Amino acid sequence: MTPFWKQCFAVSSVTLNTISSGMCIGFNASLFSDLRRSREIHLDKDSESWLASLIGITTLIGCLFTSLIIDRIGRRPAVLISSVLMVCGWITFSLASSFSALLLAKIFQGTSVGLGTTMGGILIAEYSSPKYRGSFIATKPTAMLIGITTSHLLGLFYNWSHISLILLFCSLPGLIIPIFTPESPTFLATKGRYDECRKVFRWLRGPEDDDEVEKIIEADMIVKKPKKSYTKNVPKLIKENLTYFIMSFKKREFYIPVFIAIHLNAIFQFSGAIVYDSYPLDIHTALYGTDIYMVKVIASLDMERMLSTALAIYLTSRIRRRPLLFAFVGLNVLAFLCVAGYIYARRHNLLPFDHIAIVIFLQHFHMFTSGAGATSLTTILSNELYPMANRGLCGLICNAFFSIYMFVNIKTAPYLFSLIGVDGTFCAYAVVLFYSLVVSYYMVPETKDKTLQEIEDKLRGYSITHRGEAMKLKDVEF
């Protein structure tokens, strides 16, 4: 088996976990539409918004535990725990007969998504070589869309309880594959297990990347020297963790990636894809004036988003990340404004002529820009920037903001629709995207074809493996 296929096998554990997360998000459309029709479990506007947005809160809970798990226990156990929670969620859904049972299922699944969101991109970045890293990370949003599409397509033939049973069995491979994948070589290095790190790294990459693993080990040994002497003077674990947290924020290679990722996560969350998945009926009715075409349009949008993320995978292997990000997110802002303008003009009878082809084009143009740029490129860039020594803490903070954004976005959407309309809401999202894009223009570095260590050194301002610079780092920290 060649290194490429070995990396594909290792990455597949994250991919399957991400597909399960997508199925969880896509399940909302079938769940809410079926319950609105059948009234099997009564949901009003508030309870529906809480049920939809609960994933944001529980994802935050999952993120809080992720840092502890991936830094202390390992990356692979995080994948296994996430998969177990997802399976528990589907079992609870299949047996649910009350609103409280639905909430419990959402808690299981949201915590699973929180673990998977934080850990997945980090693990892919650590498994893969610079040549394939961008493409592998871009498979995360593609896998998410596969899961969402699967849930939507099943909604054409089955009700929500039957879908939950089918998706339960679809989630089982994500529980089995991680058992046979290796632990992350970067995690092994941070635990001082250097021989195992070299062995796993060579199995994944082959002998041609031996220089990279030696740089990772050397950098870890340099960083650990001040930590060892300091830890002996701090007997209490809580004080150690507090000191670690404070010291981390004093490092350029820590606070700059966190600041960048917070804005990239805002682009991801407010690009429109999450709201389309959570409240398709409201948006579709605002665009078409009816819900007759909704199922067909959702299916076509899902297929287009998968194609656009596949295009992003190809483009990231050929073109630099920064130009792609600015081009696609800029078009995403334009798409928001065009869709909002169409809805406003249609509602106030300002259109000189109207045709269903216009709204179909605008809606698909919006989803294309979101899939190719906001969801794919932000995922790639965010997970390439975290420093080795603080990767878990970086992931925790950034994905905490990701969860907060998700909760705020999903929870407020129906109220914004009522207050300022779908068109006004889309204009507000366009402002958020434009601001985040301006910040990204000045802050985001180019990461294509660079190792994670090279990216970290770029953000730090110097190479930590250089002995003279390493002594400067010790002086600054002490």
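Cβ from N, Cα, C; glycine included.
Values in this document were obtained by computation on a predicted structure and should not be read as measured data.
Range 137-157 is the one annotated as transmembrane segment, of 11-31, 137-157 (source: TrEMBL). Put simply, of 77-101, 163-181, 393-410, the stretch with the most CB pairs closer than 8 A to the transmembrane segment (254-274) is 393-410. Of the candidate ranges 50-70, 324-344, 356-381, 416-444, 50-70 contributes the most Cβ pairs within a distance under 8 Å of the transmembrane segment (393-410). Proximity of the transmembrane segment (356-381) to the transmembrane segment (77-101) is not established, fewer than 3 Cβ-Cβ distances being under 8 Å for residue pairs spaced 6 or more apart. When each of 77-101, 137-157, 163-181, 416-444 is scored by its Cβ pairs under 8 Å to the transmembrane segment (324-344), the top-ranked stretch turns out to be 416-444.
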